[in-house]
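Okay, so here's the structure we're looking at.
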Amino acid sequence: MASTSSLFSSFALFLVMVMVQRSSAQYPAMTLTVVNNCPFTVWPAVQPNSGHDVLERGGFALPTVTHRSFPAPTHHWSGRIWARTGCTYANGRFSCATGDCGGRLECGGLGGAAPATLAQITLHHGGQQDLTSYGVSLVDGFNVGMTVTPHEGKGRCPVVGCRENLLATCPDVLQLRAPAGGGQVVGCKSGCQAFGTDELCCRNMYNSPQTCRASSYSEFFKHACPATFTYAHDSPSLTHECAAPRELKVIFCH
C-alpha cells in the first residue's frame, strides 16, 4: 500500500499539472490582419504588454494598398498596434517621422514615439467566452486614421476608430511638423505632449477618474472621432468585447 506522503505528493503533482494546463489553455485559431489604405507606405509596429509574445518581430514595412496577415497567439495576449510614417534609412540609421521605436525597423517589443494613433487589443480572455477586446486611442495623439474590425465574432462587435484626417484640422499648438519637405504636418500632438503639465497628462494629483478630466485639446479629438479614447481616464465603455472572432483587422487610412 502506498504511504500517505506518497499519495499526497501524487495529488499535489496532479494539481500542478491541472494548473499548468489551464494557464496554457489553447484557443481556436485567429488571424490578425494589418491593412494599409494610405496613399503611402507605412511601417506598422506591434508592441506586446509586459510578459506577452512579440509578434512579427515587432514591426515591418507595408506598401500602399497592401495587407499583411499573421496568426494571432492561441493563448491570452494583449498589446498595441500603430503606424509609423515618414520612415527613412540614411547614414546607417533607420528613423521615422512619427511612431519611431528607437530607430529600429523591427521594434522587438519597444514602444513608439508620440504622436501616434494606437489600436489597443486584448485577445483570448473571459475563459470559455474567448473574448477579444479592442479600442482605438488618441491619448498619445494622432498620425493616421485607423479602424479596428472583428470578423465572424459573436455578440457586440462594432467597427471602431477614427476615419478623419486630423492632420488637416489639427490646431497650430498641437501640430508636429516634419523638419524637411516644407515642414508639412505629420502628427497632431496631445495636450500632454504639447505642454507637459500634470493636469493634461493626468499625473500625480490628477491621476484618478475624479481628477483626470477632458480638456479643450482632448475635446478636439473627441469631437472628430467620438468612438476613441482621448485622455487617460476616458469612458471604459469605448472598449468593446467580441466573442471568438476569426479575424481582427486593423486598417490604416480607412
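Note that Cβ sites are derived from N, Cα and C of the backbone, with glycine treated the same way.
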Would you mind checking which of Cys107, Cys157, Cys162 shares a disulfide with Cys242 in TrEMBL?
Cys157
Please list residues from the chain of Cys157 (disulfide bond) whose Cβ is under 8 angstroms from its Cβ, counting only those at least six apart in sequence.
Pro150, His240, Cys242, Pro245
Could you work out which of the disulfide-bonded residues (Cys101, Cys107, Cys162, Cys188, Cys202) has its C-beta surrounded by the smallest number of other C-beta atoms within 10 A?
Cys202
Looking at the disulfide-bonded residues Cys96, Cys107, Cys170, Cys225, which ones sit with their CA no more than 10 Å from the CA of Cys201 (disulfide bond)?
none
